[in-house]
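Features reported for this protein in Swiss-Prot:
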REGION    1-36  region 'N-terminal extension'
BINDING   H16, H19, H34  Zn(2+) binding site
MOD_RES   K29  N6-methyllysine
DOMAIN    35-54  domain '4Fe-4S ferredoxin-type 1'
BINDING   C45, C51  [3Fe-4S] cluster binding site
Amino acid sequence: GIDPNYRTSRPEVGTHEGHKVYGPVENPKVLGIHGAIVGVDFDLCIADGSCINA
């Protein structure tokens, strides 16, 4: 799953559509974690919710 401490354990590498992006990022294959309040790891999840354990 996503590292709950990603905001401190990963470098902030930029922004996308107004939210922070945490690296590493190596487009097009490694996309990093997007968001600071709700983080989505685009390398683990495609943001459709299917990767979330509830």
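Cβ from N, Cα, C; glycine included.
All features noted in Swiss-Prot, drawn onto the structure.
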residue	record	DSSP class
H16	Zn(2+) binding site	strand
K29	N6-methyllysine	coil
H34	Zn(2+) binding site	strand
C45	[3Fe-4S] cluster binding site	coil
Legend entry - Intrachain neighbours beyond the region 'N-terminal extension' (1-36), with Cβ under 8 angstroms and 6 or more residues off its ends: 42-45, 53
Inset, instruction - Please report how many Å separate the Cα atom of H19 (Zn(2+) binding site) from that of C45 ([3Fe-4S] cluster binding site), as a whole number. - result: 17
Legend entry - K29 (N6-methyllysine) to H16 (Zn(2+) binding site) - Cα separation in whole Å: 16
Inset, instruction - Within 10 Å of the Cβ of H16 (Zn(2+) binding site), how many other Cβ atoms can you find? Include all protein chains, please. - result: 14
Legend entry - 8 Å Cβ shell about H16, H19, H34 centroid, Zn(2+) site members excluded: T15, E17, G18, K20, V21, G35
Inset, instruction - Count the other Cβ atoms sitting within 10 Å of the Cβ of H19 (Zn(2+) binding site), across every protein chain shown. - result: 13
